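Visitor: One structure follows; several queries about it will come next.
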Amino acid sequence: FIVYGFMDKKLDAQGVEEEKDDPFKVSDIGKILSLKMFWIVALLCVLYYSAIFPFQKYAINMLQCNLNFTAEQAGMVFFVFPLGAAAVTPFLGNFLDRKGKGASMLILGAMLMVICHLVFAFVVPATQSVIITYAAIILLGISFSLVPAALWPSVPKLIDDKLIGSAYALIFWIQNIGLYAFPMIIGSVLRSSNPGVTDPLKYNYTVPMLVFASLGVIALILGFLLKALDKKKGYGLEQPNIQK
C-alpha cells in the first residue's frame with residue numbers, strides 16, 4: 001500500500017507537469033449559452049427526459065385506470081422497462097462506437113417514444129390489451145437506450161474541448177429544471193382534463209399522454225435539425241466514436 005501511495009503521488013505530479021487544465025471562467029457560461037448547437041442538444045435532452053421520468057411517475061396509476069390493474073400488477077409491467085434498456089444499451093453503445101449514426105439514433109429514439117405515448121393515449125384504453133401494453137413498454141425501453149447512448153457522446157463533437165465540463169453541467173441544470181417542472185405540469189393537466197373526478201382510479205389519461213407525445217415530437221424535430229446541421233457543418237455525429 002505504501003509503495004502504491006508513492007507511485008500514485010509520483011503519477012499525479014507527472015500529470016500536473018504534462019497537462020495544466022484551464023481554470024474555469026464565468027465568461028465560459030456566456031460562450032456556451034451563445035452556441036446554437038448547445039441549445040439544440042440541451043432542449044432535446046430536457047424534452048426527452050421530461051417525457052420519460054415524469055411519465056414513469058404517473059404510469060402505474062395510468063395502467064390501473066386503463067387496464068384495471070392493481071398497483072402491484074402495474075408495477076410488474078414497468079419492471080421490464082429498466083431491464084430491457086439495460087440489456088440493449090451496451091449493444092447500441094458498441095454500434096455507435098464502431099458504426100456511428102448518432103444523429104439517426106436520436107431521431108429513431110424520439111420517434112419510438114412518440115409512438116409509445118400515442119399507444120398509451122389511444123390504443124391501450126380502447127383495447128385494454130396487456131400484450132400491446134408490454135409492446136409499448138419494450139419500445140420505450142429501446143428508445144431509452146437509443147437516445148442517451150447517442151446524446152451524451154455528441155456533446156464533445158459539438159462543443160469546444162475547453163468548455164466540455166461547463167457544457168455538461170449546464171445541460172444537467174436545464175434537464176433538472178424540466179424534471180422538476182413537468183411532473184407538476186402533468187399533474188395540473190390531469191386534473192384539468194378530468195373535472196369533477198375524485199377517484200384516482202377513474203382518471204382519463206388521454207390528454208396527459210398527448211402532452212408527453214408532443215414533447216417527443218418537438219424532440220424529434222430537434223433531432224432532424226441536428227442531423228441537418230451535422231450534414232452541413234460536418235460535426236461528425238454520424239461518424240463512429242472510435243476512429244480507425
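Backbone N, Cα and C atoms are what each Cβ position is placed from, and that goes for glycine too.
Among the features that TrEMBL reports, domain 'Major facilitator superfamily (MFS) profile' is placed at 34-244. According to TrEMBL, the feature transmembrane segment maps to 37-56, 76-96, 103-124, 130-151, 163-186, 206-226.
Walk me through the surroundings of each of these features.
Guide: Note on the transmembrane segment (206-226): residues 37, 40-41, 43-44, 47-48, 50-51, 54-55, 58, 62, 103, 106-107, 110-111, 113-114, 117-118, 120-122, 125, 154, 185-186, 189-190, 193, 237 of its chain, located 6 or more positions outside it, place their CB under 8 angstroms from a CB of the stretch.
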Visitor: Averaging the per-residue pLDDT over the domain 'Major facilitator superfamily (MFS) profile' (34-244), what integer do you get?
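Guide: Mean per-residue confidence for the domain 'Major facilitator superfamily (MFS) profile' (34-244): 92 out of 100.
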Visitor: Same chain, outside the transmembrane segment (163-186) by at least 6, Cβ under 8 Å from its Cβ: which residues?
Guide: 24, 28-29, 31-33, 38, 41-43, 45-47, 49-50, 53-54, 57-58, 155-156, 208, 211-212
